[in-house]
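The following features are taken from Swiss-Prot:
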type	residues	note
ACT_SITE	2	active site, schiff-base intermediate with DNA
ACT_SITE	3	active site, proton donor
ACT_SITE	58	active site, proton donor
BINDING	92, 111	DNA binding site
ZN_FING	239-273	zinc finger
ACT_SITE	263	active site, proton donor
């Protein structure tokens with residue numbers, strides 16, 4: 001599933017390629033992707049101009065004029081491309097936005113799990129999943145004191161808590177494993193067992209790692225491509241994710257993979273020592 005760095009790179013691509021274009025028609029080829037009735041979605045957007053592309057967590061917010069927004073969640077395999085209408089159409093293309101300039105914005109999804117919902121701008125908190133999102137992982141919105149207080153309320157393992165988008169938004173399996181390794185924290189450590197110093201370091205690593213991943217185009221492990229059709233490069237910088245059996249960069253101990261809250265989890269058993277609950 002694309003995580004925050006990947007979605008941010010899709011956003012940047014669409015901002016460059018699609019903003020300013022006006023919709024002339026919409027071809028919906030797989031209706032389940034559209035939350036609204038097809039006719040409502042189409043009627044609302046034909047004739048509208050894309051004015052901005054924003055992001056909240058892993059959600060894209062495609063702005064049309066001043067009053068309408070398409071909330072788009074890529075889920076597992078969703079991606080966008082902006083191409084000439086003459087370009088061959090992939091069998092995995094499920095929604096096509098035709099523009100008045102002859103180009104098209106296409107939504108592709110091999111798994112068909114992605115979703116789009118047309119709403120009035122300003123009503124984002126009515127969308128399931130958006131209304132309960134935690135802070136964006138930036139120094140001004142993701143505060144150390146608040147993060148520490150949130151973790152102190154939970155005795156569950158730190159990994160699934162970080163995956164909960166209510167604590168901090170945008171993290172998924174890859175970046176949770178990476179930031180826990182950078183912070184020397186075992187993924188099964190009870191959240192309320194972390195000291196303030198450990199929590200502060202984890203906070204800083206989350207912000208720094210996501211920013212670094214964004215600047216390297218995100219991580220392409222399987223099929224991720226940004227809106228310009230390019231893969232990310234951050235997979236070359238991963239420390240533990242997908243590296244079972246590979247020597248740890250810090251200590252040489254083989255990286256292990258376990259299940260934590262039903263999620264495959266990579267860590268170093270020497271650098272990330274498991275602690276018991278208080």
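Each residue, glycine too, has its Cβ placed from N, Cα and C.
Quantities reported herein were computed from a predicted structural model and do not represent experimental measurements.
Put simply, of the recorded positions 2, 92, 111, the one whose Cα is nearest the Cα of residue 58 (active site, proton donor) is 2. Taking the Cα atom of each, residue 92 (DNA binding site) and the residue listed as 'active site, schiff-base intermediate with DNA' are about 17 angstrom apart. Secondary structure from DSSP puts residue 263 (active site, proton donor) in a beta strand. Here the zinc finger (239-273) has, by DSSP, the following mix of helix, strand and coil residues: 0 helix, 12 strand, 23 coil. The local packing around residue 2 (active site, schiff-base intermediate with DNA), expressed as other Cβ atoms within 10 Å of its Cβ over all shown chains, amounts to 28. Recorded residues residue 263 (active site, proton donor) and residue 111 (DNA binding site) have their alpha carbons 19 Å apart, per Cα-Cα distance.
Same-chain residues at least 6 positions away in sequence with a Cβ under 8 Å from that of residue 111 (DNA binding site) are, in sequence order, 75, 76, 77. Within its own chain, residue 3 (active site, proton donor) has 58, 170, 171, 172, 173, 174, 175, 218, 219 as residues 6 or more apart in sequence whose C-beta sits under 8 angstroms from its own.
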